[in-house]
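S.K.: According to Swiss-Prot, the protein has these features:
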REGION    1-383  region '3-dehydroquinate synthase'
BINDING   40-42, 75-78, 106-108, Asp111, 131-132, Lys153, 171-174, Asn182  NAD(+) binding site
BINDING   Arg122, Asp138, Lys144, Asn154, 186-189, Lys249, 263-267, His270, His286, Lys355  7-phospho-2-dehydro-3-deoxy-D-arabino-heptonate binding site
REGION    396-862  region 'EPSP synthase'
ACT_SITE  Cys844  active site, for EPSP synthase activity
REGION    881-1071  region 'Shikimate kinase'
BINDING   Gly886, Met887, Arg888, Ala889, Ala890, Gly891, Lys892, Thr893  ATP binding site
REGION    1072-1284  region '3-dehydroquinase'
REGION    1297-1579  region 'Shikimate dehydrogenase'
Amino acid sequence: MLVKVPILGRETIHVGYGVRSHIVETIVGLKSSTYVVINDSNVGRVPYFQELLSDFEAQLPAGSRLLRYVVKPGEANKTRATKEQIEDYLLSEGCTRDTVIVAVGGGIIGDMIGYVAATFMRGVRVVQVPTSLLAMVDSSIGGKTAVDTPLGKNFIGAFWQPEFVLVDIKWLQSLPKREFINGMAEVIKTACIWNADEFQRLETHADEFLHVVNTPKISEKEGFQLYDTDIESIKEHIFKLVLESIKVKAEVVSSDERESSLRNLLNFGHSIGHAYEAILTPQALHGECVSIGMVKEAELSRYLGILSATQVARLSKILVAYGLPVSKDEKWFRELTLNKKTPLDTLLKKMSIDKKNDGSKKKVVLLETIGKCYGKSAHVVSDEDLRFVLTDETLVYPFNNIPRDQNKTVTPPGSKSISNRALVLAALGKGTCRIKNLLHSDDTKHMLTAVQELKGANISWEDNGETVVLEGQGGSTLVACENDLYLGNAGTASRFLTSVAALVNSTSQKDHVILTGNARMQQRPIGPLVDSLRNNGIKIDYVKNEGCLPLKVHTDSVFKGGRIELAATVSSQYVSSILMCAPYAENPVTLALVGGKPISILYVEMTIKMMEKFGIKVEKSTTEEYTYIIPKGHYVNPAEYVIESDASSATYPLAFAALTGTTVTVPNIGSASLQGDARFATDVLQPMGCSVTQTATSTTVTGPPVGHLKPLKHVDMEPMTDAFLTACVVAAVAHDNDPTSKNTTTIEGIANQRVKECNRIEAMCTQLAKFGVRTNELPDGIQVHGLHSINDLKVPSIGNEAVGVCTYDDHRVAMSFSLLAGMVNSEQPNSSNPTPVRILERHCTGKTWPGWWDVLHTELGAQLDGAEPLELNSMKNAKKSVVIIGMRAAGKTTISRWCAAALGYKLVDLDTLFEERYGHGMIKDFVSQHGWEKFREEEARIFKEVIENYGDAGYVFSSGGGLVESSESRRILKSFSKSGGYVLHLHRDIEETIMFLQKDPTRPAYVEEIREVWNRRESWYKDCSNFSFFAPHCNSEVEFQNLRRAFTKFIRTITGVTTVDIPTRRSAFVCLTFENLTEYTNSLKAITYGCDAVEVRVDHLSNMDEDFVSKQISILRASTDGLPIIFTVRTKKQGGKFPDEDYETLQKLLITALKVGVDYIDLELTLPIGIQYKVLNMKRNTKIIGSHHDFASAYPWDHSEWENRYNQALAMDVDIVKFVGMAKSFEDNLMLERFRDSHTTKPLIAINMGAHGRVSRVLNTILTPVTSEHLSEVAAPGQLTVAEINRIYTEMGGITKKDFFVVGSPIGHSRSPVLHNTGYSVLGLPHHFDKFETTSAEEVKKHLLDNKANLGGLAVTIPLKLDIIKYMDELTESAKVIGAVNTVIPLGNSKFKGDNTDWLGIRNSLVSNGVPESVSGLSGLVVGAGGTSRAAIFALHKLGCQKIFIVNRTTEKLEELVKFFPEEYNIVPIKEAEEAEAVNETIGVAVNCVPADKPLDAKLESLLERLLLKSSHTHFVSTLVEAAYKPSVTPVMKLAKDKYQWRVVPGAQMLVHQGVAQFETWNNCRAPFKAIYDAVTEI
């Protein structure tokens, strides 16, 4: 099997299967002294490559030599640097002009090695041996060669034709399935632009291809996965698709080698595809992006009126059939690309960098039909048209550019109703039926897929996809399918297929069929149909919610027939469903419609007429109304069946004519139509003032002059219910000449429209209101009150904010409002900047008329544009609320207050809100009167209301413990969390909770025991929440404050208020391998000294239960002051204790980590990809560390294993890469450092374990894993403490000893030296802190600033805080505003920065004692007016105090203080008791800055007492910080605490906090706070 394909006049492309010997013969036929085989290390592992190499060596000509060069794999190595290394190798080996280079590999190798050949010795011969499908059909052919640059891919290269391209299909046997499928994009592309026959052949073989490619055998060799795909079984198909694709490219290249015109046709799908690829790489592959690009560019061709909707549908279908994405929003593709956004402006910017472009004009290849491009080169397209195609939100501009004499003919697509019925009838019928004008839409796509899945008929296509051919087997081949039948939002398909499923036969593996759909489909009713089928012997289960999909239809039950009664007042489709399947029942069927007049009876008559066309005649009962008699039998398929155009869809172009005063003709719908909606023109538009001409087969409408439509007083639209939406938008601008008239159009007979894709009546009322149109909802209809003038139509808005028209994912809502949107401002003169109307979710029109927007734009002349989704803009401003759920006594009340304080949110207790709404007592009173069921119903209603109104408004909702008892409340919780809201499950030890609840008399008693309640609710709490916090019972004030700080950090982190910042400096984390952290809480602070994070090794915990693990995380948070946590589950093969194959438990643990909001998760790169991407897509604000360990020391640092793992980590877009090797010698550390230097794309933790590897831990730059002297054993071989690392690094010259001083006078009792030297000692730093006593700033400058080369910094105290400023080159904001410097920071080159950390001492003292980081809405108090008072005012302003009250013994200084600060600080001096009494604000924080060595002034004390009383209504305990270090309890502290129950913080804390701030600023590392505090405060 070998075919030679000519290109540029020579047969240099050879295509075969298993042609290894031919490849070698062909290469050695190129006479040379030197052959150089270049490949990457991945290809080098493939057995077929080794065989090729062996053959090459065996056949090497005498006197010739074979050289080999292996490059690192991946796009990251397709660089000028790699090219240079290859060239240096060739030169070092003495290669000359006669060298033949053989490039064996995929596109990266082919491109780069081709470029090497093009430039080495000014050009040497090259042979391409492509090993991937993409390389075989694309990159290896045509002579394009290149390398990447930091600014873009393939920017530097040359055209250099290879001597041969030797394609051996057998290589594909070892290709990973995703790479295989990726290559199919280029194969489909070439068929699409050039070869219609090959495209049709590809359509036919898609299923078998995907089955084979999806089921490879996978083996592992040295940690590398080897694929073995059974391409032998589809060899002919694979060979043909590769060959035909190559032929197309070869022909095009031969005609246009340098890509001046024709060759750029090969870029179909690439203009848009490359733009997506630029954003989504490396997660998305080239072919995947090109696949999306092809669909978008085909849609653009359709939008411009060039390509038919059928052809777009074919292209989309074949791409899906071969496993490729057709939209970036497909769930699997979105998860694969980690939910990356593709902003519209970014896409257009990326598209502007394209070699096809004409300067700034963007060019795109357009498609005329499958197999043929439009023209011979790419075409210029406008940004406006591109924006439209690239987005799902449409801007409709005023229709003021439509000529009033415009006369258009519009042919709508085939009827959805008739299309779906025809497919069912033909699938059940016997014989071949050619169905023409079938609607190509989402609905029919789902129906066709279902027919194929159920083996109902053989389906093929003719007339280039315009005709579908069904070869029916009379229903005998219907069998249960393996997969669920997913029907999207296709209501018609779901109802028809429910009855079809009743006729399906079981297989040996399956005895049921599952029918399911999207979220909306799972809300739409199907109960009456199910009830009738159940009563007739069919066993059907509701999988989820009663009365809705998903359904489980058991195929071992029998459709008995006989009399069937059906309630048909909701949907006529129930009737049609049973009618069409009735002939196949065991007995003749009598179908009686009960419950009142059936809805949409014309659709029932349509079904009966169609059944007659297929050979079954239904008789109407002569004795019972609405009763039908269906005989037993089989359908006989007519040879041809032509689908009539959709009459519902025809209403839109006809209404366009009515609204714009133009003429539109629909040529194939008239009075003889099967469809009731054909009456729309005569029954609705004509009475409203339109001129209507209708024949048996056509309808023409001419509208009156714009603004002259008349309201329709009453119309019964029961025969054409789907058309009522169109009537509503026409009625919106219809008015009488009477200015007192309400211009009311009344529409009735449409009750069924409430249960369509959405509640359409409610939808029209809601959306019309946005335009300023009033409506009334009727029991079975709607009243629309038309505007007096068309100029009164408003651009939709809520308040002053423009909003989009919501379409509810409903095609008819979208198409209707696309018409009204264009009438807004349509009578205004053309404006250079008109305001368009935004329509959301435009793609929903694909359900019945995918090309509607194209018709509106291209045929009817509307100006449309695309726009970035509103949600991207609104989400930035939204403050997603927090709902806290959990059992009573879980701490919800307390923690809800903390939550509100931490976020600055408003707090609402839902139980309290219920009681306020109830107004007659407490919840227990309501329950006593109405019962629990009614309470849950009302509770859910109120909850729904608050979420709808305040879910994005920054609230904390504290819920009752039983909120989750209601299924409706659970649905709301899940929906809220899915939309980005925070549902926090708060829990604690259940045994302690039970003990507490048994003593609580304040709530209504439960009938069940509390434990049973917990057992029932536990799973609900977990299912409904997206975050979880374990709140242990606190036994002391210290534990309580620790818990508060831990929770505050947790809630601020998960909500994104504070971010997890990856350190950019030298940093470390300590590894904890305890079985239970509870036993070590007192030592955890000491263990974590100097660390920037703490790792909990979950694989070492004694219990893997979710609650236990959650408790461990909370304990760790509270015991380490919220130090960032690294959550690690280390598997055995990666050096841990967790079982390697227990992936289910591992995934649960990782999801638990995300729910408890850990800062980092260590994610092993060897885990299954499904687990990895689940975590990556759920991570929110958690950072991911992609880790890989080589305990066996199997791979030196220059081995490709590390390169592959690094590329894998990049593709996963982890936040940090962590690689750990095992050093055998010191040289291993040097190799590691070379690796570190060349891999800087992501933050990298790279170390060697073992005694030889210790130096690598010292040299590692960020987050080095460390142990502690307080731990009994190390977590890994060779671990060092922070102090050991610093000491070794100092000895190596990495840290230079610095001297620090406290300057001022008197400083004899200063605790600064003790403070700082303790920190240096604990952390192993070489620095020293001393005293320099002086009252002269000049002395400080002379002896320290000018002459101390190793000066590390100065702590400045009185009297120098002002005098030192003149010697500072820079001042921080705090130093400027406070007007004093207490910290000097050397900048180098004899320059210094002045800072003030006194304010941080105050702020951090408050925050560490329970005050939120933001106290927005509260006020503060400062006692005193000296220098420290200025720091206090600055601190309270930074905390967010809305007002700062100041009091002092002498009032003169108060005015000076007020003038000192900017006006926005809102400082209010209090001088008299009356002023203090008049204060209405809540004071939550205070700082005392008056000296403590003398009694408190009486007047000052009186003022202070009055102000301390103003502390109610805070979400935290009001807190006062004392600035004086001694005594430990001052008079102000005693007053505040004992008399007014304020929390007081002694001055020692402020002293230490400000000193620690200095320490961390100077040394750029975390200070050991507790050790320092203990040293400073010891007597």
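Using the three backbone atoms N, Cα and C, a Cβ is placed for every residue, glycine included.
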S.K.: Identify all same-chain residues not among Gly886, Met887, Arg888, Ala889, Ala890, Gly891, Lys892, Thr893 whose C-beta atom falls within 8 angstroms of the centroid of the ATP site's C-beta atoms; report them in sequence order.
M.R.: Gly961, Leu986, Arg988, Thr993
S.K.: Reported as an integer number of Å, what is the Cα distance between Asp40 (NAD(+) binding site) and Asn154 (7-phospho-2-dehydro-3-deoxy-D-arabino-heptonate binding site)?
M.R.: 19
S.K.: Can you tell me which recorded stretch out of 1-383, 396-862, 1072-1284 has the most Cβ pairs within less than 8 Å of the region 'Shikimate dehydrogenase' (1297-1579)?
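M.R.: It is 1072-1284 that shares the most Cβ pairs under 8 Å with the region 'Shikimate dehydrogenase' (1297-1579).
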S.K.: Out of these binding-site residues, Lys78, Arg122, His286, Arg888, which one has the fewest other C-beta atoms within 10 Å of its own C-beta?
M.R.: Arg122
S.K.: Between Cys844 (active site, for EPSP synthase activity) and Ala890 (ATP binding site), what is the CA-CA distance rounded to a whole number of Å?
M.R.: 45
S.K.: I'd like to know the mean pLDDT over the region '3-dehydroquinate synthase' (1-383).
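M.R.: Per the prediction, mean pLDDT sits at 94 for the region '3-dehydroquinate synthase' (1-383).
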S.K.: Using a 10 Å radius around each Cβ and all protein chains in view, which of these binding-site residues has the most neighbours: Asp40, Glu75?
M.R.: Asp40
S.K.: Which one is it: of the binding-site residues Arg122, Ile188, Leu266, Lys892, whose Cα lies the shortest distance from the Cα of Ser132 (NAD(+) binding site)?
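M.R.: Checked the binding-site residues Arg122, Ile188, Leu266, Lys892; minimum Cα distance to Ser132 (NAD(+) binding site) goes to Ile188.
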S.K.: In whole Å, how far does the CA atom of Leu172 (NAD(+) binding site) lie from that of Gly886 (ATP binding site)?
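M.R.: Leu172 (NAD(+) binding site) and Gly886 (ATP binding site) have their Cα atoms 55 Å apart.
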S.K.: Taking only the Cα atoms, work out how far Asn182 (NAD(+) binding site) lies from Arg263 (7-phospho-2-dehydro-3-deoxy-D-arabino-heptonate binding site), in Å, as a whole number.
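M.R.: Rounded to the nearest whole number, the Cα-Cα distance is 22 Å.
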S.K.: I want to check the contact list for Gly891 (ATP binding site): same chain, sequence separation of six or more, C-beta distance under 8 angstroms. What comes out?
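M.R.: Listed in sequence order, they are Leu986, Arg988, Ala1031.
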S.K.: Between C-alpha atoms, which of these binding-site residues comes nearest to Arg888 (ATP binding site): Glu75, Lys78, Ile108, Arg263, Leu266?
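M.R.: The smallest Cα gap between Arg888 (ATP binding site) and any of the binding-site residues is with Glu75.
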S.K.: Hey, how far is Ala889 (ATP binding site) from Arg122 (7-phospho-2-dehydro-3-deoxy-D-arabino-heptonate binding site), Cα to Cα, in Å?
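M.R.: Computed Cα spacing between Ala889 (ATP binding site) and Arg122 (7-phospho-2-dehydro-3-deoxy-D-arabino-heptonate binding site) is 81 Å.
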S.K.: Can you tell which of the binding-site residues (Arg263, Lys892) has the fewest other C-beta atoms within 10 angstroms of its C-beta?
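M.R.: Among the binding-site residues Arg263, Lys892, the sparsest Cβ neighbourhood within 10 Å belongs to Arg263.
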S.K.: What is the one among the binding-site residues Ser132, Thr893 whose Cβ has the most other Cβ atoms less than or equal to 10 Å away?
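M.R.: Counting every other Cβ within 10 Å of each candidate, the maximum falls on Ser132.
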S.K.: Taking Cα-Cα distance, which of the binding-site residues Lys78, Gly886, Met887, Ala890, Lys892 are within 10 Å of Asn154 (7-phospho-2-dehydro-3-deoxy-D-arabino-heptonate binding site)?
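M.R.: Matched binding-site residues: Lys78, sequence order.
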S.K.: Calculate the distance in Å between the alpha carbons (Cα) of Arg122 (7-phospho-2-dehydro-3-deoxy-D-arabino-heptonate binding site) and Thr893 (ATP binding site), and round it to a whole number.
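M.R.: Here the two Cα atoms are 78 Å apart.
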S.K.: With every protein chain in view, what's the tally of Cβ atoms within 10 Å of the Cβ of Ala889 (ATP binding site), excluding that atom itself?
M.R.: 21
S.K.: What is the Cβ neighbour count of Ala890 (ATP binding site) at a 10 Å cut-off, with all protein chains included?
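M.R.: Its Cβ has 24 other Cβ atoms within 10 Å.
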S.K.: Could you tell me which of these binding-site residues, Ile108, Ile188, Leu266, Met887, has the greatest number of Cβ atoms within 10 Å of its own Cβ?
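M.R.: When each Cβ's neighbours within 10 Å are tallied, Ile188 tops the list.
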S.K.: If you count Cβ atoms within 10 Å of each one, which of the binding-site residues Asn154, Asn182 comes out on top?
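M.R.: The largest 10 Å Cβ neighbour count belongs to Asn182.
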